[in-house]
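Features reported for this protein in TrEMBL:
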COMPBIAS  1-10  compositional bias 'Acidic residues'
REGION    1-56  region 'Disordered'
COMPBIAS  33-45  compositional bias 'Low complexity'
DOMAIN    66-126  domain 'HTH tetR-type'
DNA_BIND  89-108  DNA-binding region
Amino acid sequence: MSEEGGEDTVTDPIRPSHGQKTDVRSARGPIRAASVTSAASPAATQDSISGIGLSRPRRNARLPRVARRAQLLDSASDIFASQGYHATGMDDIAERAGVSKPVLYQHFPSKLELYLAVLESHVEKLISGVRQALRSSTSNKQRLRAAVQAFFDFVDNDTQGYRLIFESDALSDPSVQVRVEQASEACVDAVFDLVSHDSGLDPYRARMLAVGLVGISQVNARYWLEAQRPISKSDAVETTVSLAWGGLSHVPYQRTPASREN
């Protein structure tokens, strides 16, 4: 089926030639079942042809390009997360999505480009969550808590994204490694902007502090997930916040005391 161009034409394999008589009563069971299927539903999931069980995989209905791309990304994310990058073929993804390989290649010219697109969707979710958390309050401790919560929410609610970003077998590929590093840097940048604006620290010390806060949040969230959530998420968040705030609360601030929670 050409997903972008139309529908398959299904030919009835047992239609008699001109002038040939067919005794339906003497037809064998599998052939009769195939005749009914072909006549009633040319797009049926499987056609049993001449009783030998030939299968025709069902193809999804035509979708707008944006919707099809989103569907392909979802299918690819499922398989990459469960099988790994190297063990996954484009055939696997096309089959999961219910499309032909040519349709898949229309959207993504290579497996690496598809993987990077999948990775990007999860990375953007992580970065967006951290940025939104840092804008959620004017209290520094509440902003810290919200940022830590964002990391725990990500590993808890988007386990596929966590696996693909931090544990993928594709991390040895330079383009994948660069994108993962960029994701971490984007989170550090968001925290750095806040710290450098609120504190009296020079840029180097402010960035070191931002790197530490992001590192604590990432490592603790990952440990909590890999240890199979030994304590509640709220307890894990509060433990991490207590550790981070113990050092952060001693940083000198330029802003008014109202922005600092003791």
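Cβ coordinates come from backbone N, Cα and C, glycine included.
Note: TrEMBL annotation is automatic and uncurated.
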Structural state census, the domain 'HTH tetR-type' (66-126) (DSSP three-state): 49 helix, 0 strand, 12 coil
Reported mean pLDDT - the DNA-binding region (89-108): 96
